[in-house]
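*Asks:* The structure under discussion is supplied below as structure tokens; questions concerning it will follow.
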Amino acid sequence: MELHSLKDSFDRVAKKRKVSYSKTHEVTDLIVQEINKAIKVMQSSTLEYKSELAELKKKLQEVSPLNQLEGAQKELNIALIKYPKALEKVFNRDISKAYQNIEFDSPIVNQIIASHFYRQGLFEVGDCFIAEAQDAEAAVAMRSLFQELYQMLEAMKSQNLEPALKWAAANSNKLKENGSDLQLRIHHLQFVKILQKGSRDEALKYARTNFASFAGNHMAEIQKLMGCLLYSDRLHESPYAHLLSPTNWDTVTDELTRQFCNLLGQSYESPLSATIAAGIQGLPPLLKFMTVMAGQKHEWQSMKQLPVPVELDKEFQFHSVFVCPVTKEQSTDDNLPMLMSCGHVLCKQSINKMSKNGSKTFKCPYCPTDIDLTQCRQLIF
């Protein structure tokens, strides 16, 4: 993708800047070192300073700072000159030709934007946006959804797990239905936290109180935690030192956010972030195609689907699609995929055409099986 070439250009600029920065510091340190040497000699000598200054001048000329810096700075300047050109080449300022004139549902769009602010914990910004958008009811509803989450996340930053433990206990049945072991993982962090303080008896009491209900499915993990009790005074030097890693807290924080959003019927990723990121990937090839179509005086505003396939990364592929192997067209509500008796799939219009609207059987394009329209079943992706 073109964005990859742009990233390569940016990386070259960053690399050249780093080299230039390092070279500047190296030369500067060398100059300062020579000056300090000269100062010490002059302070300890009773002779005139002229000879020492002349010697210092000679050494600085040997260092030749300008010549040393010129090469690295020149390479950096070249990279800086090329980068804006690459940026302008990839990002077309006029993107109007690549979108269709459709009517947006303004309240829905406003809720998506406000929801994005609340997801980031920017509650005052979200409130301000909703107030200007004059949609106060949505503000109250969405704010309350994410306020509890960020109270738990803020508490976890100071290693206070009580709010998270209360929420997980209140939603334990729903978490089990989702196949999540979040509640045990929070107890896990709390257990290690207590053990770090050197209170082995308190940690054992906590384990007996809170781990029993998880023994059926997580015995191996619980046994590992019990092994930590043997090293309560030197856990960082034990075989269980990895349990002290800060990444364990980050992992539980991410899982808490994911499960919280899941139980609310919300996606883990912000819809606004996902939309913009997908648009950044899909826009360059679409702009190229639109330029070609504009030159041929073709109009695509009335098309029901994109005129060219736009490749997006897997994280942006939320729904399955089917392209008929006969017509090479994507299925639609009026042309749904049909499963034939042999197990292969074609679009409805292709089957109708090949069977002459069901008046005769036809051979599957993939295998020699005779297909009867009445035996074909409709599929919905």
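Glycine is no exception: its Cβ is also placed from the backbone N, Cα and C atoms.
Curation plays no part in TrEMBL annotations; they are all automatic predictions.
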*Asks:* Looking at the candidate ranges 236-279, 324-367, report the one that TrEMBL labels zinc finger.
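*Replies:* In TrEMBL, residues 324-367 carry the label zinc finger.
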*Asks:* Could you give me three numbers for the zinc finger (324-367), the DSSP helix, strand and coil residue counts?
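*Replies:* In the zinc finger (324-367), the DSSP-based counts are 7 helix, 11 strand, 26 coil.
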*Asks:* For the domain 'CTLH' (146-202), what are the DSSP-based totals of helix, strand and coil residues?
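*Replies:* Final tally across the stretch: 45 helix, 0 strand, 12 coil.
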